[in-house]
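A.B. asks: Below: one structure in structure tokens.
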Amino acid sequence: MASPSCLWLLAVALLPWTCAARALHHLDPPAPLPLVIWHGMGDSCCNPLSMGAIKKMVEKKIPGIYVLSLEIGKTLMEDVENSFFLNVNSQVTTVCQTLAKDPKLQQGYNAMGFSQGGQFLRAVAQRCPSPPMINLISVGGQHQGVFGLPRCPGESSHICDFIRKTLNAGAYSKVVQERLVQAEYWHDPIKEDVYRNHSIFLADINQERGINESYKKNLMALKKFVMVKFLNDSIVDPVDSEWFGFYRSGQAKETIPLQETSLYTQDRLGLKEMDNAGQLVFLATEGDHLQLSEEWFYAHIIPFLG
């Protein structure tokens, strides 16, 4: 039989292990990865009927999550106006600075962009790898641009009337490129050379003028790149752009999928390699532009955020 002194020594020896086991048992589960949201044209960060509702839906399903809905400007009205008239490259630079300063994002974050916010957040992923973006979810984003005039119902309709006239007059003029957001992802398939040489945003992030290896490396670092396409979209033209497809070069009638584009076959962004590795996710839903049901959102989007 062991002596009392031996038992005492054994208890002392086991004490650290017992304390460690108790500490591990009481550790809180890891916090969910933060989420950064970028709204679309004519919207704002905190509209209770759009981004505000999305934020609440995410918080409902993922308790404790930190959600940053980006506000581009000092007021909600300025945020809306900037979605039409503030140079996209300037917006991306500002967002990169905001994310870099946010202590809650430094270990990584997921990103979800709505409509034009989808391609804007892709620019963030390509240009600003720190803090790291883990998953990018593009909801109706136009990654090959648009070649159709925007339709804006309601209060923004007069702005879109102005945009139509301006794009028709000269989408690739320097003054229009610098001051009109929608011109910066205007992609004319009939004038590919003009687009390639004068688009100050989309042609750059799609590697149309040359290969920036850091863009490719940074995009390929994503765990998942999710693209949501709206099958009855009446705003985005062509709708295939939501899955990185576009018009076949030289005309504006026949569209081709991503896999048939030169961007993919030449693998200028690493999309072919990502596709083969299962990093690209293509989702489709019925409905018009950005018309999502809660049930569909919970079933198909939340799994990439939890």
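Yeah, the Cβs are placed from backbone N, Cα and C, and that goes for glycine too.
Grabbed the feature section from Swiss-Prot, which reads as follows:
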| type | residues | note |
| --- | --- | --- |
| ACT_SITE | Ser115 | active site |
| ACT_SITE | Asp233 | active site |
| ACT_SITE | His289 | active site |
| DISULFID | Cys45-Cys46 | disulfide bond |
| DISULFID | Cys96-Cys128 | disulfide bond |
| DISULFID | Cys152-Cys160 | disulfide bond |
| CARBOHYD | Asn197 | N-linked glycosylation site |
| CARBOHYD | Asn212 | N-linked glycosylation site |
| CARBOHYD | Asn232 | N-linked glycosylation site |
| SIGNAL | 1-27 | signal peptide |
A.B. asks: Should any of the recorded positions Cys96, Cys160, Asn197, His289 have a Cα within 10 Å of the Cα of Asn232 (N-linked glycosylation site), which are they?
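C.D. replies: His289, listed in sequence order.
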A.B. asks: For a quick check of packing: other C-beta atoms within 10 Å of the C-beta of Cys45 (disulfide bond), how many?
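C.D. replies: The Cβ of Cys45 (disulfide bond) has 20 Cβ neighbours within 10 Å.
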A.B. asks: For Asp233 (active site), find which of the recorded positions Cys96, Ser115, Cys160, His289 come within 10 Å, Cα to Cα.
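C.D. replies: So far as Cα distances go, the recorded positions lying within 10 Å of Asp233 (active site) are His289.
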A.B. asks: Listed recorded positions are Cys45, Cys46, Cys96, Cys128, Asn197, Asn212; which of them have CA atoms within 10 A of the CA of Ser115 (active site)?
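C.D. replies: The recorded positions close to Ser115 (active site) (Cα within 10 Å) - there are none.
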A.B. asks: Including all protein chains shown, what's the count of other C-beta atoms within 10 A of the C-beta of Asn232 (N-linked glycosylation site)?
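C.D. replies: That number is 11.
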A.B. asks: In sequence order, which residues at least six apart in the same chain have a CB under 8 Å from the CB of Cys96 (disulfide bond)?
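C.D. replies: Looking at Cβ-Cβ distances below 8 Å from Cys96 (disulfide bond), excluding near sequence neighbours, one finds Val124, Arg127, Cys128.
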A.B. asks: With Cβ-Cβ distance below 8 Å and at least 6 positions apart along the chain, what are the contacts of His289 (active site)? List them in sequence order.
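C.D. replies: Counting only residues 6 or more apart in sequence, the Cβ neighbours of His289 (active site) under 8 Å are Ser115, Gly140, Phe230, Asp233, Ser234, Ile235, Val236.
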A.B. asks: Please state whether DSSP places Cys45 (disulfide bond) in a helix, a strand or coil.
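C.D. replies: Note: Cys45 (disulfide bond) is coil by DSSP, not helix or strand.
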A.B. asks: Among the disulfide-bonded residues listed here (Cys46, Cys160), identify the one with the smallest other-Cβ count within 10 Å.
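C.D. replies: With the disulfide-bonded residues Cys46, Cys160, fewest surrounding Cβ atoms within 10 Å: Cys46.
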A.B. asks: Please list, in sequence order, the residues in the chain of Asn197 (N-linked glycosylation site) that are at least six apart in sequence and whose C-beta is under 8 Å away from its C-beta.
C.D. replies: Ala203, Arg209
